[in-house]
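Peer 1: Sharing a structure, written as structure tokens. Questions coming.
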Amino acid sequence: MADYKIHLLSEDEGIDVTFDCSEDTYILDAAEEAGIELPYSCRAGACSTCAGKVTEGSVDQSDQSFLDDEQLLKGYVLTCIAYPESDCTILTHVEQELY
């Protein structure tokens, strides 16, 4: 089983951290295990509270039902149901960009 480095960034929130996440662990769950507080609500991929934007790397978020195709193409991700497929850099706290 592969482990990946997840780099989270948010200039507004003062976040610049990197942690390990296995390929079978949701990014939000791994962040919490590493002591990083991120916003969330449903934990089921049905809202946008936990939205991030992948700027490097790739994720599997096939369980999500909220983001549309255009948002997915732009790199938006729901961290509560996203598994890493590689090392990733993700901008956090981007929910407002979706609207």
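Cβ from N, Cα, C; glycine included.
According to Swiss-Prot, the protein has these features:
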- Cys42, Cys47, Cys50, Cys80: [2Fe-2S] cluster binding site (BINDING)
- 4-96: domain '2Fe-2S ferredoxin-type' (DOMAIN)
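Burial and contacts for the listed features, if you can.
Peer 2: DSSP classifies Cys47 ([2Fe-2S] cluster binding site) as coil under the three-state reduction.
Confidence in the domain '2Fe-2S ferredoxin-type' (4-96), given as mean pLDDT, stands at 97.
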Peer 1: Using a 10 Å cut-off on CB atoms, tell me which of the binding-site residues Cys42, Cys47, Cys50, Cys80 is the least crowded.
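Peer 2: Comparing Cβ neighbours within 10 Å for the binding-site residues Cys42, Cys47, Cys50, Cys80, Cys42 has the fewest.
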Peer 1: Relative to the mean position of the Cβ atoms of Cys42, Cys47, Cys50, Cys80, the recorded [2Fe-2S] cluster site, which additional same-chain residues have Cβ within 8 Å?
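Peer 2: Apart from the listed residues, the neighbours are Leu28, Tyr40, Ser41, Arg43, Ala44, Gly45, Ala46, Ser48, Thr49, Phe66, Leu78, Ile81.
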